[in-house]
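J.: Have a look at this one.
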Amino acid sequence: IAATQPSTNWHLKENARDHHTSKFSSKELIVRRGQAFVVTFNGTEQPEQNLTFIAETGPKPSKLTKTQATFGISSTVSKDSWSAVLQSTSSNSVSISISTPPNAVIGRYKLSVQSTSSGSSSPASLGTFVLLFNPWSSGDDVFMPNKAECEEYVLEEFGIIFAGNKNHISSFGWNFGQFQEDIINICLSMLDRSLRYRQDPVTDVSHRNDPKYLGRVLSAMVNANDDQGVVLGNWSGNYEGGKSPSSWTGSGEILQNWKKSGFRPVRYGQCWVFAAVLTTVLRCLGIPTRTITNFSSAHDADGNLRVDEFYDASGNHLDRAADSIWNFHVWNESWFSRSDLGPSYSGWQVLDATPQEESGGIYQCGPASRNAIKEGDVELDYDCPFVFAEVNADCMYWNYDTATGKKTLIFSQSTVIGQFISTKAVGRDDRVDVTNDYKYEEGSRKERDIFKKARKKLGLEDKFDPTAPTPQEVDQKPDISGKFKVAGPLEVGKDLNLILVLANLQSDAKTVHVNMTAWSTVYTRRPVHGIWKDSISVTLSPEEEKQFPIKIPYTEYQQQLTTDNTIQVTALCHVEGGIQVLVQRDITLDNPTIDIEVLGEARVNKEVDVEVTFTNPIDTEVTDCVMQVEGNDLLRGILEIDVPPLKAGEKSSTKFKLFPFETGPKHLLVNFSCDKFANIKTFKMVNVID
């Protein structure tokens, strides 16, 4: 080989097109494993049959750990090892097609070439390239036969995340931004900052061919616990010293901030932030991934498939149990095969980066096979009991006497947990319900059998549990029933009007003393501020139903509301001579709306104006108004615009310019905040034409 450094042509455009990597904004070659790519280089004086290529990754490359490959030029592609096939030669350059095995370690590789004939000459470097998972290749663990699903779950940068509660599902847009500049490098440095890498870099890198290994490692790295990971969680309702979790509109800003700060955890996140960032990282690396929202999601801290909630005599929801039922929880599903468990457990796997419970001593969760969850095979790796409980746990509601510490069961329910499990549709901005993929129909015999099977596998059937209610407690029948009905708009800025409906189920009159409370909460239903309380005594004649209107004025809740806009209303009914009845409802209030209008056609490389309008719906002035705008291929970075204060009922109009640089359907995301309304979000699809 000549003493000069060979110059390399990586055929970036053609290779990227063939490998579905054109969206990356990188000057480095990025290709997918199990598929050929072309490289041309010059500066070799040797006949090409004398050339040996060396590809290596990680700190100590070796053949043994599959982090180094040496291969010559051959006439055919090898199926399960690295190989090179000659494409063409000229007087001073050689074009070869390099094929990688479908189970190659992913990451950044150095490629060098060496002449075999001249013996001792040292290899000449051709440069570096990045190798990713390949869902388009049938030999890959992440192979996804449906091309439209590959497009959505690997290449789509826009997502919709579902939130709210089971009575009132809302949604907002998210910019995953997995192809934004430098994100690929941040994802690779995440792997090099994990505990596994720090403990044993050689072994860690050798496992990077395995999506279940990487999924688990990254579920730990996305949260800051244990390893100085990306996002610091905060569920207190007070977000001083950082950004409120609901203010983010995309993952790019979070990942860039993490790197810019010298890899210090970004403040703050809650479940959808962890899930969205994990989606970005896994899609970036080529593992098909989506976000999943589970409504009425159980957090079973002690692994007994039961969630206990405690209320005092006044009806206050006590924050004293490790268990909780969240209004919603967001996690991930990634698509790959489970060679460790067998083919029936392949397909969608649950990963959860929200730090809820430790697994193997650190905050990580999954991959748990979705099929294993549905069939109650909770003994299988990884963390199936926790995920099974999230969608299936039974709930027990207790009255807790703070003076004596005595608890009495009010009632239990087995059908409230795990409802309307939701994800974004493929290729459309719609909600798809996947509840039936997690469990058999609620209340069916099959569903109860699976629950018993799971309990048995966890050893809960045979063990006496002193904290469990007695069969007598579970079977007791209440004399009255109650519910809260909504009587008016559920909007921030308007009074909250509800009706408490009480019905006597017996043929004799009943006297009932009712203690009512309303608390502002975070979306995990953790009480933050008391807002309102009242008590009434009523007599219900036989089988009578009575309605009691309740009004909580905006002025009373406005100061106490968290950025989640959630209020829990509770009525604890003490029936004379009977058992207590708990009536409760979780209310999520809607923010007012903002509107986006694109003024004219959006054309590539041409400016276009956008107008965003907002009307102040309340009768006081709103101040500190700020708008954040982002959108891949529509504008670079994030636009922050200060909006002047708005008087009562006043309408604001804010204009800015987009400069689209790619054609096709793109999404513009807007987040508007002021002193009275937090994080009003909306998005608009903008079709960019040539």
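Note: Cβ is positioned from N, Cα and C throughout, glycine not excepted.
Annotations for this protein, taken from TrEMBL, read as follows:
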ACT_SITE  CYS271  active site
ACT_SITE  HIS329  active site
ACT_SITE  ASP352  active site
BINDING   ASN392, ASP394, GLU442, GLU447  Ca(2+) binding site
DOMAIN    263-355  domain 'Transglutaminase-like'
J.: I'd like to know which of the recorded positions ASP352, ASP394, GLU447 has the most other Cβ atoms within 10 Å of its Cβ.
T.: ASP352
J.: Of CYS271, HIS329, ASP352, which is closest to ASN392 (Ca(2+) binding site) if I measure between C-alpha atoms? They're all active-site residues.
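T.: So, of the listed active-site residues, the one sitting closest to ASN392 (Ca(2+) binding site) is HIS329.
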J.: Looking only at the domain 'Transglutaminase-like' (263-355), what is the model's average confidence as pLDDT?
T.: 96
J.: Please list the DSSP helix, strand and coil residue counts for the domain 'Transglutaminase-like' (263-355).
T.: 18 helix, 41 strand, 34 coil
J.: Quick check: of the active-site residues listed here (CYS271, HIS329, ASP352), which one has the Cα closest to that of ASP394 (Ca(2+) binding site)?
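T.: In terms of Cα distance, ASP394 (Ca(2+) binding site) lies closest to HIS329.
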J.: Which of the recorded positions CYS271, ASP352, GLU442, GLU447 has its Cα closest in space to the Cα of HIS329 (active site)?
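T.: When the Cα distances are compared, CYS271 comes out closest.
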J.: Using the recorded Ca(2+) site (ASN392, ASP394, GLU442, GLU447) as reference, state which further residues of the same chain have their Cβ within 8 Å of the centre of those residues' Cβ atoms, listed in sequence order.
T.: VAL391, ALA393, SER414, THR415, ILE417, GLY418, LYS439, GLY443, ARG448, PHE451
J.: Roughly how many angstrom lie between the C-alpha atoms of ASP352 (active site) and GLU447 (Ca(2+) binding site)?
T.: 24
J.: With every protein chain in view, what's the tally of Cβ atoms within 10 Å of the Cβ of CYS271 (active site), excluding that atom itself?
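T.: CYS271 (active site) is surrounded by 28 other Cβ atoms within 10 Å.
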J.: Can you grab the distance from CYS271 (active site) over to GLU442 (Ca(2+) binding site)? Cα atoms, rounded to a whole Å.
T.: 25
